[in-house]
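The structure appears right after this line, and notes come after that.
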Amino acid sequence: MLTCIACTKQLNTNNGGSKKQEEDEEEEDRVIETPRSKQIKSLTSQIKDMAVKASGAYKSCKPCSGSSNQNKNRSYADSDVASNSGRFRYAYKRAGSGSSTPKILGKEMESRLKGFLSGEGTPESMSGRTESTVFMEEEDELKEWVAQVEPGVLITFVSLPEGGNDMKRIRFSREMFDKWQAQKWWAENFDKVMELYNVQQFNQQSVPLPTPPRSEDGSSRIQSTKNGPATPPLNKECSRGKGYASSGSLAHQPTTQTQSRHHDSSGLATTPKLSSISGTKTETSSVDESARSSFSREEEEADHSGEELSVSNASDIETEWVEQDEAGVYITIRALPDGTRELRRVRFSREKFGETNARLWWEQNRARIQQQYL
């Protein structure tokens, strides 16, 4: 029998159409079977979790037992990135999106993670925590700061942990102050500075004495009593154990406890205390080096006997006294165990004697003083 041509064409078209439909269905099944949105979301969430963990969010926590599982999950996520990118290549081409999108996302996140781990790129949160940690460490250390009390006067303070400040050094401008002007300024403004800057005053017996600082020219301005006579401290500061540099800078001077005791109780039964007579006294031993060289042998021994004072002053303190030779001139005399006397020091009131006048007075009256009191 002859078959109908129209039927044959229809069968052929049906067979061809069914094949196309099957191919389309297979492609749709592939697209449907591809977990496009779900896997992308899960991959993104896994990468975010890895980024958060790597950025140091759990840096303060102790390492737990699940760290090995996290490493496995990371390696599994990395393998998923490579496998999913290969599986989705064909489907993304059909959908019109580039196949390199998941690869770019995965590589970008991986590069960021590597940067976080290597320290090249630090998140803002992590850098903020680091800065706060460094700031707290700096707070534990003693901080020094400088205050300009007035033009030409700079004071260096140290902030104490328990509150208040400690005075480290005082600097005077050589263009505006000489040695005597600096001492006069300090005598007049000592209490104001201590109160204004909340300076804590410590007990000399419980606090270690500071070492003499270096001045601007690199030489130690303050000499110890063992090496030679030092620049005299003002009488107001003798009880506090403070001394002064000669010109450029002033600082604390280490003085022995027996010296401070000597200033406080030096047998002034017949003579008022020096602080009540004149707030600022100077010693002839510090007037000038040339004046020292003109002193007698007994005076130089008295000036250089700081070591003996610290050793035997406790037993001999009752044998020292002060005589007022004339207004503004005070002589300290010491009686030795063998019955002889020695001249300890001569002090002049700055209100009545300048440096030149004090030196001139001593040259004129040295013989009389030795004959009268020794």
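Glycine too: its Cβ is placed from the backbone N, Cα and C atoms.
Checking the ranges 57-80, 105-128 against Swiss-Prot, the region 'Disordered' annotation falls on 57-80. Per DSSP, the secondary structure of the domain 'BRX 1' (143-198) breaks down as 18 helix, 23 strand, 15 coil.
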